[in-house]
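Sending over a structure as C-alpha coordinates; questions will come in a sec.
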(Lines of atoms letter the chains of each structure in order from A and count residues from 1; the text may use other names and numbers.)
(Lines give C-alpha, C1' and ligand atoms only; values in the text may rest on other atoms or scores of the structure.)
Protein backbone atom coordinates (compact mmCIF):
# COMPACT_ATOMS: atom_id res chain seq x y z
CA UNK A 1 0.00 0.00 0.00
CA UNK A 2 2.82 2.41 0.85
CA UNK A 3 4.44 1.67 -2.50
CA UNK A 4 1.21 2.54 -4.29
CA UNK A 5 0.92 5.83 -2.37
CA UNK A 6 4.47 6.76 -3.29
CA UNK A 7 3.78 6.00 -6.94
CA UNK A 8 0.75 8.30 -6.84
CA UNK A 9 2.85 11.05 -5.27
CA UNK A 10 5.63 10.52 -7.84
CA UNK A 11 3.14 10.80 -10.69
CA UNK A 12 1.63 13.99 -9.25
CA UNK A 13 5.06 15.60 -8.89
CA UNK A 14 6.00 14.72 -12.47
CA UNK A 15 2.68 16.11 -13.75
CA UNK A 16 3.47 19.53 -12.22
CA UNK A 17 6.28 19.96 -14.77
CA UNK A 18 3.76 20.51 -17.57
CA UNK A 19 3.37 22.70 -19.52
CA UNK A 20 6.11 25.03 -18.24
CA UNK A 21 8.93 22.47 -18.50
CA UNK A 22 7.47 20.33 -21.28
CA UNK A 23 10.61 20.70 -23.40
CA UNK A 24 13.08 20.76 -20.50
CA UNK A 25 11.97 18.13 -17.99
CA UNK A 26 15.49 17.64 -16.71
CA UNK A 27 15.46 21.13 -15.14
CA UNK A 28 11.98 20.86 -13.61
CA UNK A 29 12.28 21.57 -9.85
CA UNK A 30 9.10 19.66 -8.98
CA UNK A 31 10.15 16.46 -10.73
CA UNK A 32 9.87 13.36 -8.52
CA UNK A 33 13.60 12.62 -8.85
CA UNK A 34 14.33 16.02 -7.25
CA UNK A 35 12.36 15.20 -4.07
CA UNK A 36 14.91 13.84 -1.60
CA UNK A 37 12.41 12.40 0.86
CA UNK A 38 10.62 10.61 -1.95
CA UNK A 39 13.81 9.02 -3.24
CA UNK A 40 14.85 7.95 0.27
CA UNK A 41 11.45 6.37 0.90
CA UNK A 42 11.52 4.56 -2.43
CA UNK A 43 15.03 3.21 -1.77
CA UNK A 44 13.98 2.05 1.71
CA UNK A 45 10.98 0.16 0.34
CA UNK A 46 13.04 -1.34 -2.47
CA UNK A 47 15.59 -2.52 0.08
CA UNK A 48 12.86 -4.17 2.15
CA UNK A 49 11.45 -5.92 -0.94
CA UNK A 50 14.91 -7.10 -1.99
CA UNK A 51 15.75 -8.44 1.47
CA UNK A 52 12.39 -10.21 1.54
CA UNK A 53 13.14 -11.89 -1.79
CA UNK A 54 16.59 -12.96 -0.57
CA UNK A 55 15.26 -14.40 2.69
CA UNK A 56 12.49 -16.28 0.90
CA UNK A 57 15.06 -17.67 -1.56
CA UNK A 58 17.24 -18.87 1.35
CA UNK A 59 14.30 -20.63 2.99
CA UNK A 60 12.71 -22.18 -0.10
CA UNK A 61 16.02 -22.75 -1.95
CA UNK A 62 15.48 -24.59 -5.26
CA UNK A 63 11.69 -24.37 -4.93
CA UNK A 64 11.86 -20.57 -4.93
CA UNK A 65 11.97 -20.06 -8.69
CA UNK A 66 8.98 -22.35 -9.35
CA UNK A 67 6.58 -20.17 -7.36
CA UNK A 68 4.79 -17.66 -9.61
CA UNK A 69 4.43 -15.03 -6.90
CA UNK A 70 8.12 -15.34 -6.04
CA UNK A 71 8.94 -14.64 -9.67
CA UNK A 72 6.63 -11.60 -9.68
CA UNK A 73 8.21 -10.26 -6.47
CA UNK A 74 11.72 -10.81 -7.82
CA UNK A 75 11.08 -9.06 -11.14
CA UNK A 76 9.22 -6.26 -9.37
CA UNK A 77 12.26 -5.65 -7.18
CA UNK A 78 14.59 -5.74 -10.19
CA UNK A 79 12.44 -3.32 -12.19
CA UNK A 80 12.18 -1.09 -9.13
CA UNK A 81 15.97 -0.71 -8.94
CA UNK A 82 16.10 -0.12 -12.71
CA UNK A 83 13.47 2.60 -12.32
CA UNK A 84 15.49 4.26 -9.57
CA UNK A 85 18.58 4.19 -11.76
CA UNK A 86 16.65 5.82 -14.59
CA UNK A 87 15.03 8.50 -12.42
CA UNK A 88 17.49 11.12 -13.64
CA UNK A 89 16.95 10.29 -17.32
CA UNK A 90 14.29 11.73 -19.63
CA UNK A 91 12.83 8.34 -20.55
CA UNK A 92 9.30 8.98 -19.39
CA UNK A 93 7.57 6.15 -21.23
CA UNK A 94 10.00 3.51 -19.99
CA UNK A 95 9.98 4.92 -16.47
CA UNK A 96 6.19 4.91 -16.42
CA UNK A 97 6.09 1.30 -17.62
CA UNK A 98 8.48 0.22 -14.87
CA UNK A 99 6.51 2.23 -12.31
CA UNK A 100 3.29 0.45 -13.28
CA UNK A 101 5.00 -2.96 -13.12
CA UNK A 102 5.77 -2.31 -9.47
CA UNK A 103 2.04 -2.45 -8.80
CA UNK A 104 2.14 -6.21 -9.39
CA UNK A 105 2.94 -6.64 -5.71
CA UNK A 106 -0.58 -5.42 -4.94
CA UNK A 107 -1.84 -8.65 -6.52
CA UNK A 108 -0.65 -10.59 -3.47
CA UNK A 109 -2.99 -8.48 -1.33
CA UNK A 110 -5.86 -8.93 -3.76
CA UNK A 111 -5.80 -12.73 -3.78
CA UNK A 112 -5.79 -12.85 0.02
CA UNK A 113 -9.35 -11.45 0.08
CA UNK A 114 -11.87 -13.97 -1.39
CA UNK A 115 -14.22 -11.31 -2.76
CA UNK A 116 -11.39 -9.39 -4.45
CA UNK A 117 -9.97 -12.64 -5.80
CA UNK A 118 -13.31 -13.49 -7.41
CA UNK A 119 -13.49 -10.03 -8.99
CA UNK A 120 -9.91 -10.26 -10.25
CA UNK A 121 -10.50 -13.74 -11.62
CA UNK A 122 -13.61 -12.55 -13.44
CA UNK A 123 -11.74 -9.56 -14.84
CA UNK A 124 -8.84 -11.62 -16.18
CA UNK A 125 -11.25 -14.12 -17.68
CA UNK A 126 -13.10 -11.27 -19.42
CA UNK A 127 -9.99 -9.81 -21.10
CA UNK A 128 -10.35 -11.92 -24.23
CA UNK A 129 -14.07 -11.14 -24.77
CA UNK A 130 -13.36 -7.46 -24.13
CA UNK A 131 -10.55 -7.45 -26.70
CA UNK A 132 -12.48 -9.16 -29.48
CA UNK A 133 -15.64 -7.27 -28.54
CA UNK A 134 -13.78 -3.98 -28.93
CA UNK A 135 -12.55 -5.05 -32.36
CA UNK A 136 -16.10 -5.95 -33.35
CA UNK A 137 -17.44 -2.63 -32.02
CA UNK A 138 -14.84 -0.60 -33.91
CA UNK A 139 -15.55 -2.57 -37.10
CA UNK A 140 -19.28 -1.91 -36.90
CA UNK A 141 -18.72 1.79 -36.20
CA UNK A 142 -16.38 2.06 -39.21
CA UNK A 143 -18.95 0.40 -41.49
CA UNK A 144 -21.66 2.80 -40.38
CA UNK A 145 -19.22 5.71 -40.65
CA UNK A 146 -18.70 4.99 -44.33
CA UNK A 147 -22.46 4.92 -44.86
CA UNK A 148 -23.20 8.15 -42.98
CA UNK A 149 -20.40 10.01 -44.79
CA UNK A 150 -21.98 9.05 -48.10
CA UNK A 151 -25.58 9.71 -47.11
CA UNK A 152 -25.68 12.25 -44.27
CA UNK A 153 -22.63 14.47 -44.82
CA UNK A 154 -24.07 16.32 -47.88
CA UNK A 155 -27.07 17.35 -45.78
CA UNK A 156 -25.06 17.90 -42.61
CA UNK A 157 -22.60 20.27 -44.32
CA UNK A 158 -25.48 22.56 -45.33
CA UNK A 159 -27.22 22.57 -41.94
CA UNK A 160 -26.73 25.45 -39.49
CA UNK A 161 -26.03 24.42 -35.91
CA UNK A 162 -26.29 26.87 -33.01
CA UNK A 163 -23.39 26.91 -30.53
CA UNK A 164 -21.77 23.82 -32.08
CA UNK A 165 -18.73 24.63 -34.28
CA UNK A 166 -17.89 20.97 -34.92
CA UNK A 167 -21.38 19.75 -35.81
CA UNK A 168 -21.27 20.82 -39.47
CA UNK A 169 -18.06 18.78 -39.90
CA UNK A 170 -19.20 15.83 -37.79
CA UNK A 171 -19.49 13.53 -40.81
CA UNK A 172 -17.00 15.10 -43.22
CA UNK A 173 -14.70 12.03 -43.16
CA UNK A 174 -14.81 8.44 -41.99
CA UNK A 175 -12.63 9.29 -38.99
CA UNK A 176 -14.82 12.27 -38.02
CA UNK A 177 -17.95 10.19 -38.45
CA UNK A 178 -16.51 7.39 -36.33
CA UNK A 179 -15.68 9.89 -33.57
CA UNK A 180 -19.20 11.34 -33.78
CA UNK A 181 -20.91 7.94 -33.60
CA UNK A 182 -18.66 6.79 -30.77
CA UNK A 183 -19.27 9.99 -28.84
CA UNK A 184 -23.04 9.84 -29.31
CA UNK A 185 -23.75 6.14 -28.92
CA UNK A 186 -20.94 4.57 -26.89
CA UNK A 187 -20.00 7.53 -24.68
CA UNK A 188 -23.55 8.90 -24.64
CA UNK A 189 -22.53 12.50 -25.30
CA UNK A 190 -24.18 15.26 -27.39
CA UNK A 191 -26.77 13.17 -29.19
CA UNK A 192 -29.12 16.10 -29.52
CA UNK A 193 -26.50 18.55 -30.79
CA UNK A 194 -26.19 17.07 -34.27
CA UNK A 195 -28.64 14.18 -34.66
CA UNK A 196 -31.92 15.90 -33.73
CA UNK A 197 -31.45 18.91 -36.09
CA UNK A 198 -30.63 16.51 -38.94
CA UNK A 199 -33.62 14.29 -38.14
CA UNK A 200 -35.87 17.34 -38.18
CA UNK A 201 -34.55 18.25 -41.63
CA UNK A 202 -35.10 14.80 -43.20
CA UNK A 203 -37.19 12.01 -41.73
CA UNK A 204 -35.03 9.31 -43.31
CA UNK A 205 -31.98 10.63 -41.44
CA UNK A 206 -33.78 10.01 -38.14
CA UNK A 207 -34.67 6.48 -39.28
CA UNK A 208 -31.08 5.79 -40.30
CA UNK A 209 -29.70 7.13 -37.02
CA UNK A 210 -32.24 5.00 -35.15
CA UNK A 211 -31.05 1.87 -36.97
CA UNK A 212 -27.43 2.78 -36.19
CA UNK A 213 -28.31 3.28 -32.51
CA UNK A 214 -30.08 -0.08 -32.32
CA UNK A 215 -27.24 -1.88 -34.10
CA UNK A 216 -24.42 -0.50 -31.99
CA UNK A 217 -26.03 0.12 -28.62
CA UNK A 218 -28.65 -2.62 -28.24
CA UNK A 219 -26.89 -5.06 -30.56
CA UNK A 220 -23.11 -5.07 -30.33
CA UNK A 221 -22.62 -3.46 -26.92
CA UNK A 222 -25.22 -5.63 -25.16
CA UNK A 223 -23.80 -8.72 -26.86
CA UNK A 224 -20.34 -7.86 -25.56
CA UNK A 225 -21.75 -7.27 -22.08
CA UNK A 226 -23.59 -10.61 -22.13
CA UNK A 227 -20.41 -12.49 -23.07
CA UNK A 228 -18.40 -10.70 -20.36
CA UNK A 229 -21.01 -11.55 -17.71
CA UNK A 230 -21.06 -15.18 -18.87
CA UNK A 231 -17.26 -15.43 -18.62
CA UNK A 232 -17.30 -13.85 -15.15
CA UNK A 233 -19.93 -16.38 -14.05
CA UNK A 234 -17.76 -19.21 -15.37
CA UNK A 235 -14.82 -17.87 -13.38
CA UNK A 236 -16.95 -17.84 -10.23
CA UNK A 237 -18.07 -21.41 -10.83
CA UNK A 238 -14.47 -22.50 -11.37
CA UNK A 239 -13.48 -20.79 -8.12
CA UNK A 240 -16.28 -22.64 -6.32
CA UNK A 241 -15.02 -25.94 -7.73
CA UNK A 242 -11.52 -25.07 -6.54
CA UNK A 243 -12.82 -24.36 -3.04
CA UNK A 244 -14.75 -27.63 -2.97
CA UNK A 245 -11.66 -29.54 -4.05
CA UNK A 246 -9.57 -27.91 -1.34
CA UNK A 247 -12.21 -28.73 1.27
CA UNK A 248 -12.23 -32.37 0.14
CA UNK A 249 -8.46 -32.54 0.41
CA UNK A 250 -8.55 -31.03 3.91
CA UNK A 251 -11.25 -33.52 4.92
CA UNK A 252 -9.20 -36.45 3.64
CA UNK A 253 -6.16 -35.22 5.55
CA UNK A 254 -8.19 -34.93 8.74
CA UNK A 255 -9.65 -38.42 8.27
CA UNK A 256 -6.17 -39.84 7.62
CA UNK A 257 -4.79 -38.09 10.69
CA UNK A 258 -7.69 -39.40 12.80
CA UNK A 259 -7.09 -42.95 11.53
CA UNK A 260 -3.40 -42.81 12.37
CA UNK A 261 -4.19 -41.41 15.81
CA UNK A 262 -6.69 -44.26 16.44
CA UNK A 263 -4.11 -46.87 15.44
CA UNK A 264 -1.57 -45.30 17.77
CA UNK A 265 -4.01 -45.66 20.66
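Each residue, glycine too, has its Cβ placed from N, Cα and C.
Where the annotation comes from TrEMBL, it is an automatic prediction and has not been curated.
Predicted, not measured: the structure shown is a model, and the values here were computed from it.
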Examine the ranges 106-124, 239-257 and name the one recorded by TrEMBL as transmembrane segment.
106-124
The domain 'Ion transport' (26-238): mean pLDDT?
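That stretch averages a pLDDT of 80.
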